[in-house]
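Asker: Got a structure for you, questions after.
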Amino acid sequence: MTTGDLFADQQPVDDARIVLGPASFVLRGFALADAPALLAAVEAIAQRAPFRHMVTPGGFEMSVALTNSGSLGWTSDRRGYRYAAQDPLSNQPWPPLPDVFLRLARDAAAEAGFPGFTPDACLINRYVPGTRLSLHQDRDEQDYSAPIVSVSLGMPAIFLFGGHKRADKTQRVPLFHGDVVVWGGPDRLRYHGVAPLKEHPHPLLGAQRINLTFRKAG
Ligand code: MD3
Ligand code: FE
């Protein structure tokens, strides 16, 4: 028996990266040092573009609250999902991407093999205990060759990483404060979601989880 068999049910580790798929990596703690600056920037963004519960085209209110930063922001209503340059609550542009966001997204993407990543959108999701995100694909962006970079802050969550079909088996990946995940190439359109959050209060954020996802939407 090889050590590969012994650890067959573990994720393979390559330095501090956990390999989720052919082009998907967890960078454990990559954003830890920047977390206070990232959270201060989120607060400033939320003063101009408050967190809100979007309504899906099917008429359901999402349990996750969200806002956006960048030249494009993701929105949803009865008419569908789309990226828009203006916040529909204010009819003003979304707050621009702060330097600390841009630098972290670019550095994390480069670390995972995607040099030159320049996002134009950051979706900011806010979870409280019991909140979940059901399995979905992210397909509202123009260019699937760009990766998505995600930053987890606050309470831990179980990320569900599926395959290319909704019914494919999902891997359960715990994500902690400061973790960064990069998804690209052949993994870009895989189904994914977040299991209902358990209450594990975090020193900086209390009973909340904030997730930033950086995208090239336009
Ligand atoms: C894998 N957010 O906002 S981020 C989303 O933790 C979203 O808030 C989750 O899914 C969260 O759409 C997960 C990670 C993520 C984002 C996009 C992906 C993983 C992805 C696209 C393809 C594959
Ligand atoms: Fe998603």
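Placed from the backbone N, Cα and C atoms, the Cβ positions cover glycine too.
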Asker: If TrEMBL says His136, Asp138 bind Fe cation, which of His164, His177, His192 does it name for the same site?
Answerer: His192
Asker: Look at the substrate binding annotation in TrEMBL, where Trp74, Tyr81, Arg82, Tyr83, Arg166 are given, and name the residue from Asp34, Asp120, Asp140 listed for that site too.
Answerer: Asp140
Asker: Can you tell me which of Arg82, Asp138, Asp140, Ile210, Phe214, our binding-site residues, come within under 6 Å of ligand 2 at the Cβ?
Answerer: Asp138
Asker: Check the binding-site residues Asp138, Asp140, Ile210 for any whose Cβ is under 6 angstroms from an atom of ligand 1, and report them in sequence order.
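Answerer: If the test is a Cβ under 6 Å from any atom of ligand 1, the answer is Asp138.
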Asker: How long is the line from the C-alpha of Arg166 (substrate binding site) to the C-alpha of His136 (Fe cation binding site), rounded to the nearest angstrom?
Answerer: 8
